[in-house]
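Chemist: According to TrEMBL, the protein carries these features:
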DOMAIN    2-275  domain 'UvrD-like helicase ATP-binding'
BINDING   Ala23, Gly24, Pro25, Gly26, Ala27, Gly28, Lys29, Thr30  ATP binding site
Amino acid sequence: MDSQKIITADMSIPINNHFKIIAGPGAGKTRFLVNHIRNVLHHSNRLGRNKKIACITYTNIGVETIVDRLDEGVDHIEVCTIHSFLFTHVLKPFAFLIKSEHDIRVTKNMKPSEHLVSGYFDRTNLGTRHRLSNKELIQKTFWFIEGDFCKLHVRGKTVDMHADLYRYKKLFWEKGILHYDDVLALSWEILHNHPETLRVIRSKFPYIFVDEFQDTSSIQAEILKLITEKETTLGVIGDSAQSIYSFQGANVEQFNNFLLLDMSVYKMKDNHRSTQEILNLLNKMRTDINQESPEQKKGNKPLLLVGEPFSVANYIRGLINSNDLYTLSYSNIAANSMRDKVEYVANISSLTIESILIDNDSNNNRRKVIASLMKAVEFARQKSYKEAIREVSRHLIDEDSQRQAISIIHGLLSSYSEYSSNPLIEFYEKIKALNIIHLPNFQRRKGAQTPAEHFYRTTKYAELALLIKNQEKVGFDRTIHQAKGGEFENVLVVVKPKPNQNYNESRDLGFLLNPDINNEEHRVYYVAASRAQKNLYFCVPYLSETSVNKIKNICEIEYL
Ligand SMILES: Nc1ncnc2c1ncn2[C@@H]1O[C@H](COP(=O)(O)OP(=O)(O)OP(=O)(O)O)[C@@H](O)[C@H]1O
């Protein structure tokens, strides 16, 4: 292994050696990658007619950023997420090789719906035998490699539940539904047990580059090691302080320790994105590097505003005299709340609209229709029409269902103001009045409302709608995870407790008060702050005297 060399984004490195690049935010990692791909396209003699460079990144936004910046040679490049890469090139063509072990039908790669999840959960003994909840199962199950096998495990539990978890998985596979994690595990199994598949991948892809490598999980790293053991050149790029996907199995050590034989390691210094004033703050948040602005970009000191987020955002738009303000929030519900200017209530804290409905409405048909139609309306409001139509169409039997779906969506959108600020019952009545999709009535017991009806009469549509995630489109109000890899002139970081928690200054503002880059929540806020090019703002609900003294050196402070 070479010792670490310092490079810049515009320098060339040998194209046929494995490499690893480590650098902080704004150092030019993505810019380097795009330049390097061009370099390979121009100089490599290993790219025949049917061979390609695979450029893997972890989010669809990452894919878009790279595709946007690459202006040539796109026929020889496949920019994709690791899941789509493995699904297309390993699982789909080679699933037949593991048919006798797993008997899966690889027809589509989709996320299972919540209804299916809870229904299937009830059909297992996981709850009774292992005291697992449905939610735990969804959030904490992962595959890990044990010798020659990939086994299922639940984070935080030590007992071996593989056999029971596997039975649960099979229920999905029988329907042709795979989770993202299954794609990784099954691909690893194919590549590990059938070396001829490795030969095929290597001959198709002489180069594999991975951006945001700090987000790689151990199965992904093992897969990359298998493929690049020979012939294929691997280049990985990342920053351990921006590792924010531990819930998907990524871990910082994995990135720090990853090394192949003959792999050159490079470092990039400095930060070309942000002003020195912003860098001074970023440098306080992490002490392992000290970034400077080579262009000596100057600007205002970051500003921390104490106040309620909607008015803070408006105040800033006035300050910068523009609407070009990106608000970045930790949770999906907080980001949607900024977008819709609707405050959320603490008890709406479940992860999805389906899980809230499951908890509050025992009628399966009614909640399925309500969830789909709410999603359809919200997707359509953000112009994701295809997804909106898909949601409605699942409830239509008519051959002309697409036209009918469009007309339903149109009707619901044009009467949006009549139900959006009101209890959900109004939305329910609207759908019922259409007389197209069957919606079960609420039963009364001796004239009394059931808990379901009570829920529909006391929960506002707009509050519930905040839970709806839109994977397709993101605008000015994003989650920090959605903003990763991007850069924006003006950034407002909204500091809030997690839904269902009260604001606790030392915890929620800990990333400025007592920064610790080994703490993932601090890293998430670090990613947020490091997106800002020119103006960086924070918004907190409250600031104590002691905290004022702690942070006044790095931030201006104002009270609204
Ligand atoms: N050598 C350079 N000279 C001038 N500008 C540069 C240079 N390197 C990068 N930049 C610019 O700085 C910004 C940040 O670069 P880039 O997005 O490649 O950083 P990154 O390391 O991928 O950041 P992050 O990890 O934070 O996403 C971009 O606008 C890029 O064009």
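Yeah, the Cβs are placed from backbone N, Cα and C, and that goes for glycine too.
TrEMBL labels come from automatic prediction, so no person has curated them.
Just so it is clear, the model here is predicted, and its values are computed rather than measured.
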Chemist: For the binding-site residues Gly24, Pro25, Gly26, Gly28, which sit with their CB under 6 angstroms from an atom of ligand 1?
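Modeler: From Gly24, Pro25, Gly26, Gly28, counting a Cβ under 6 Å from ligand 1 as near, the near ones are Pro25, Gly26, Gly28.
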Chemist: Across the domain 'UvrD-like helicase ATP-binding' (2-275), what does the pLDDT come to on average, as a whole number?
Modeler: 86
Chemist: Restricting to the chain of Gly26 (ATP binding site) and a gap of 6 or more, list residues whose Cβ falls under 8 Å of its Cβ, or answer none.
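Modeler: The answer is Asn271, His272, Arg273, Ser274, Gln291, Glu487, Ser530.
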Chemist: Which residues, in sequence order, are found in the same chain with Cβ within 8 Å of the centroid defined by the Cβ atoms of Ala23, Gly24, Pro25, Gly26, Ala27, Gly28, Lys29, Thr30 at the ATP site, excluding those residues themselves?
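Modeler: Those within range, site residues removed, are Ala9, Asp239, Met268, Asn271, His272, Arg273.
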Chemist: If H, G and I count as helix, E and B as strand, and all else as coil, what does DSSP give for Gly26 (ATP binding site)?
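Modeler: Note: Gly26 (ATP binding site) is coil by DSSP, not helix or strand.
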Chemist: Give me the count of other Cβ atoms within 10 A of the Cβ belonging to Gly24 (ATP binding site).
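Modeler: Around Gly24 (ATP binding site), other Cβ atoms within 10 Å: 25.
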Chemist: Would you mind listing, in sequence order, the residues at least six apart from Gly28 (ATP binding site) in the same chain with a Cβ closer than 8 Å to its Cβ?
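Modeler: Result: Thr8, Ala9, Asp10, Met268, His272.
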Chemist: Which residue, out of the binding-site residues Ala23, Thr30, shows the minimum number of other Cβ atoms inside 10 Å of its Cβ in this structure?
Modeler: Thr30
Chemist: Using all protein chains in view, find how many other C-beta atoms are within 10 Å of the C-beta of Pro25 (ATP binding site).
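Modeler: Around the Cβ of Pro25 (ATP binding site), 26 other Cβ atoms lie within 10 Å.
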